[in-house]
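S.K.: Sharing a structure here in structure tokens format.
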Amino acid sequence: LFFSDSLQDQFDNLEKHTQWGIDVLEKYIKFVKERTEIELSYAKQLRNLSKKYQPKKNSKEEEEYRYTSTRAFLATLNEMNDYAGQHEVISENMTSLITAELTRYVQELKQERKSHFHDGRKAQQHIETCWKQLEASKRRFERDCKEADRAQQYFEKMDADINVTKADVEKARQQAQLRHQMAEDSKAEYSSTLQKFNSEQHEHYYTHIPNIFQKIQEMEERRIVRIGESMKTFAEVDRQVIPIIGKCLDEITKAAESVDHKNDSQMVIEAFKSGFEPPGDVDFEDFTQPMKRTVSESSLSNSRGDGKSEPKFGSKSKGKLWPFIKKNKPPPPPPASASPSAVPNGPQSPKQQKEPLSHRFNEFMTSKPKIHCFRSLKRGVTGPEDFSNLPPEQRRKKLQQKVDELNRDIQKEMDSRDALTKMKDVYIKNPQMGDAASVDLRLAELGQNIEKLRLEVQKFEVWEETSHCCVFPLLSSPDGSYTEEQSQETEMKIPATDFDDEFDDEEPLPTIGTCKALYTFEGQNEGTISVAEGEMLYVIEEDKGDGWTRIRRNEDEEGYVPTSYVEVYLDKNAKGAMTYI
């Protein structure tokens with residue numbers, strides 16, 4: 001079927017239809033453009049999501065990614081990044097292969113359509129002009145015929161009238177002949193115009209218009225084919241990235257299948273294994289006799305100060321303190337119901353009043369081994385060089401890591417020394433290339449560095465060997481860090497500076513509220529602070545259940561006071577100075 005056969009009289013409707021076709025094409029272009037924007041936005045959101053959950057460099061999160069489950073999660077994040085890249089590829093391909101191409105094609109299509117319909121309207125105007133000329137010739141021929149007929153009737157009338165002069169009759173005859181001649185000329189012109197019009201009309205309807213309609217039909221069919229091909233390309237662009245997206249999903253599945261719960265559990269054990277053994281049984285305390293409570297070496301309390309026994313490092317249960325026990329912190333104050341007058345000298349010294357056994361047992365069940373306080377971990381404050389503040393297993397690992405690190409440094413220095421030695425040999429053989437003596441100073445420095453590093457390695461290896469054969473009892477300071485008891489002397493007497501020196505350079509704990517002293521308290525014990533009734537102070541650590549609150553008067557004065565002696569006002573948004581373990 002052809003437009004020229006069936007739509008010759010539907011020129012206007014065909015013009016509207018082709019315009020509608022262009023509108024459909026532009027609508028499809030807009031649809032694809034919005035799809036590419038969605039793909040870009042989706043890819044950007046996926047990349048941001050992957051970046052958001054990536055571990056931060058040089059942070060605690062990075063250490064957590066040694067477990068198989070977290071490594072699988074990291075692999076998922078990386079694959080999501082690649083997954084987002086494929087959506088960007090979809091957007092780029094749709095933009096270049098569909099949006100850009102169709103936009104250019106629409107412009108060409110509009111120009112072509114305009115040209116075809118301009119030719120059609122021009123042909124219509126020409127045939128209409130020919131029709132008007134034919135109509136004018138026809139009317140003129142009709143008018144001349146009527147006038148010739150009237151002139152003939154007038155001549156006949158004049159000729160029959162005997163009263164009319166001969167001159168008038170001749171004049172009427174001549175006028176009739178003139179009109180007849182004019183009618184003949186109009187007839188000839190009308191006949192010629194009619195033949196011309198018929199020829200133009202035939203050429204219009206059988207040549208010009210069919211050609212124009214054929215071109216319009218071809219244009220319209222090309223548009224339809226083009227939009228169909230674009231839709232196919234639309235699907236192919238998606239199909240091309242499906243294999244890569246499938247690989248991303250396969251890698252995520254592979255990462256998920258690599259999760260090993262047994263391996264993660266073993267890594268947790270290796271990471272936090274302290275080497276301590278559970279404490280022995282608690283000795284019976286006979287309060288019926290006025291004697292000082294005796295505590296066995298294997299009890300939950302630390303036998304320090306009596307000098308009766310010496311730690312036995314070869315024993316499994318003797319000479320070790322379970323790492324959950326807190327020391328050097330004042331004992332609980334008297335009950336809140338007791339008035340200050342009932343306790344004239346304030347709370348008893350830790351050496352005079354023992355913590356209740358139930359309190360120690362609860363502490364054992366609920367607390368965790370405190371390796372460093374949170375502030376030390378956060379600020380990167382390290383402990384002693386020999387890592388004696390760590391449990392045995394952790395200490396052994398740290399020492400081994402240090403030895404490996406020093407060995408790597410030694411190897412680097414030796415490689416540098418070998419390279420300089422070779423350079424010196426080249427200078428000796430070829431003096432023009434350089435002075436051999438110029439590298440002697442650097443070689444001497446490298447030799448000294450290697451010797452220093454070897455001494456360091458020997459020192460850490462000795463510490464590592466002692467960590468294998470000896471397990472020292474640990475004491476925990478008020479902030480929860482460990483100190484090792486190397487001898488009976490340090491067991492019996494530990495200066496207060498042991499803990500103060502560790503945190504000399506630390507920032508003070510933040511205040512979490514204020515408090516008002518209800519009674520006067522004389523802080524005579526280590527770690528306490530004296531307060532006067534009615535005095536206002538800052539709270540830096542709230543009561544952890546042991547009956548003591550840590551307060552500060554100024555930058556240099558802080559300590560513990562009985563919780564029952566003060567009225568505490570905590571800030572609503574304060575998290576508290578908690579000691580992490």
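Every residue gets a Cβ built from N, Cα and C, even glycine.
From TrEMBL, for reference:
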COILED    155-186  coiled coil
COILED    396-456  coiled coil
DOMAIN    1-264  domain 'F-BAR'
DOMAIN    510-571  domain 'SH3'
REGION    293-356  region 'Disordered'
S.K.: Mind checking which residues of the chain, 6+ beyond the ends of the coiled coil (155-186), have their Cβ under 8 Å from one of its Cβ atoms?
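M.R.: For the coiled coil (155-186), the far contacts come to 137, 140-141, 143-145, 147-148.
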S.K.: Could you give the mean pLDDT over the domain 'SH3' (510-571), rounded to a whole number?
M.R.: 88
S.K.: As a quick check of your reading of DSSP, tell me how many residues in the domain 'SH3' (510-571) are helical, how many are strand and how many are coil.
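M.R.: Secondary-structure breakdown of the domain 'SH3' (510-571): 3 helix, 29 strand, 30 coil.
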